[in-house]
Amino acid sequence: MSRRCRCFSCIREQNTREYKVAMEMTQSVYQEGRNFWKKGKAHRVTFIIDAQDYFAAFVEAVLKAERSVYITGWDIDSQLTLIRGEEVPDFPVQLGEFLSYAVHKKPQLHVNILDWDFSVLYTFKREYLPAWKFAWKTGRRVHFHLDNYLPPGASHHQKIVVIDDRIAFAGGIDLTHVRWDTPEHLPDDPRRSDPWEERYPPSHDVQILVDGEPAAFLGELFRQRWRYATRKELPLPEATASDPWPQMCIPDIHDIDVAISRTQGRYREKPEIREVESLWVDAIAAARRHIYIESPFFTSSKVAGAISKRLYEKDGPEIVVVTRKKSHGWLEESTMDAIRVHLVKRVKRVDADGRFGIYYTEHPGRPDDLFEVHSKILIVDDTFLRIGSSNISNRSMGLDSECDLSLETWGHTEAKKACRNLRDRLLAEHLGSTPEKVGEIIEKTGSLIRAVEILGSPDRTMRPLDISPAVKNILSEPYLVDPERPIDPDDFIERFIDKEDHHSGRKRLIIFAALMLTLIALAAAWKWSPLAGYLDIDAMSEWIGSLSSNRLMPLIVVALYVLGGLVVFPVTVMVAITAVLFPPLIALALSVAGAMMSASVVYWIGRIVGRDFVRKVAGKRINQLSRRLARQGLLAMTIIRFIPVAPFSVVNLVAGASHIRFRDYFIGTLIGMTPGFIAITLFTESLISFLFQPNILNVTILIGITLAAVVLLIWLKRRIAGRVEQSAGERA
């Protein structure tokens, strides 16, 4: 047995080592129950950059699966082409057909898929009827379920694949279209196309692969969600001797603890979970030298506040954020980008030493080409790393379902090196450089920002995000588009509509119900009272038939709607008259067409005569309405149409004068008015049936439709907050 040297220098060296180890052990950011759910030993950890390698690793792992494959995502598309290029394998490469092939090869293999039951507003961006497509393309052992067990306005945003509870993928990549790309991100790569052969911009993303206890914990998380969504239990997969780890994935780290953090909005028996938010804040607070972040969004007030706090410190860390230049679509540009500009300006105000940089990736020769940064990464010094599904947005911190994996590297030399290497690989990809060159510059200058400024290539570089242009925000309250918690519908209505207008809308609903009951009473009086002698049903039927058979009548009806709009005739009365003259479906189509034409004509009149004219003619409440419409656009139109605070034509005139965009106006009017038109048409049709055949069945139908219409309108009023709020645009 060797004796330890007791000389002064050796004792001092040993004490220094022990002190450093003790200090490192006390510097862990983890607090169980606050910023992570479970933590366990992973024997292998691999970082996968971009979807080409991830999809290939997914294919290899599924082909090795023996008992179970769990898949959950924001979007899952059976038409996704997993393997692309010249080397096409001898098995199906579209996701749905591939899963069918995999279960056919393994008689004991089951595949369970949980896809977010998305809002109708995303219908045109997603695979049509996904449940039917998966059922048609796959066998009985592929179980697909649309998961809607979540608060109104929330989405399921976790992106997890678990194989036999032995290995698991997690991160930012969904198994869907517009994700596949290579690390080269070639501007005109013909392989980068969706199932409809349409090209899409370069897309950058990151996934993490783990085995051991963290993989088993993610399997447990999936089974919890499956139980909530289906009310059925999934059994634990039987233990297998085979190893599903894909050979193409060389481990970056061995034998390290990996923590799992979640976000979950409060819903029914599910409590609120904000582990992701706490981990972001705690990790930023623990940084010493550098913080490296990748996220498509930058709208979380908590994360921005944590960053500002560190920048305010004299010797705080340097922070680099890589994001996308702009969001997709007019709605996200007018909401999420506007919030981002506000927060970045707030952060820069406290950045006296120039330690904060926020950048986007660009092809210098093609500055107009969008480069999608979809990854969700946080690397703190070389001591902490987090990869997951959560964006830097309020909803990722407290509303949507999220899952992040993270690890600390204290006392783990291999892990420290892997953290640095991943950061350097990511920066090299964005700058068109090499990881070695990036690492050399950072080592030499001690600065991530200097490395970004020095490096760059003719093919790819990073540009500072330009926050000088004013981005018009269509919402005055950011919480409506990027909420931290589920929105209470009553609170939503109270905030959005003035108290006086809110009561007015409620009164209109009551008046509408009373009108229905009055019409029923009049119909009964005409049938069973002396008034019956004044009503000839046969003559009325013949007259209605002659009108509805006239080929020009649809055009006449639409023209009358326009005329009615010009003279401020109640649109609900016109809808009821239309329902009398035509069969239900035709009546509904004509009502919608006529009302939209009338709304369009009066809108443009308002736009031509201008805001000053409207202010002179209208009173105080209408002027308030004008300001609200101009400020809040699509959302305002949808709510005001559904809960009317002014006559139809007046709203049309004010909307035009307010210079709300016609597209917002048109879509909001269509969404907000259609439910009421359906209710009026159904009621009128049932009333006519009652008049012509006053039997018990028609009486029951009439009363049932009346009650259902009232209940539906009240229910829709309570639900509209969550559903309209989902129009914030694509969030994945």
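Note: Cβ is positioned from N, Cα and C throughout, glycine not excepted.
Here is what TrEMBL says about this protein:
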type     : residues : note
DOMAIN   : 152-179  : domain 'PLD phosphodiesterase'
DOMAIN   : 369-396  : domain 'PLD phosphodiesterase'
TRANSMEM : 509-526  : transmembrane segment
TRANSMEM : 552-578  : transmembrane segment
TRANSMEM : 585-606  : transmembrane segment
TRANSMEM : 634-653  : transmembrane segment
TRANSMEM : 665-684  : transmembrane segment
TRANSMEM : 696-716  : transmembrane segment
Integer average pLDDT (0 to 100) for the domain 'PLD phosphodiesterase' (152-179): 95
DSSP-assigned states of the domain 'PLD phosphodiesterase' (369-396) in counts, ordered helix, strand, coil: 3 helix, 12 strand, 13 coil
Helix-strand-coil residue split for the domain 'PLD phosphodiesterase' (152-179), DSSP-based: 0 helix, 10 strand, 18 coil
Positions whose Cβ lies under 8 angstroms from the domain 'PLD phosphodiesterase' (369-396), at least six residues beyond its ends: 27, 29, 47, 74, 154-155, 157-159, 170-173, 179, 185, 187, 200-208, 261, 263, 276, 279-280, 283-284, 286-304, 317, 322-326, 336, 360-363, 402-410, 416-420, 422-423, 426, 478-479, 482-484, 731-732
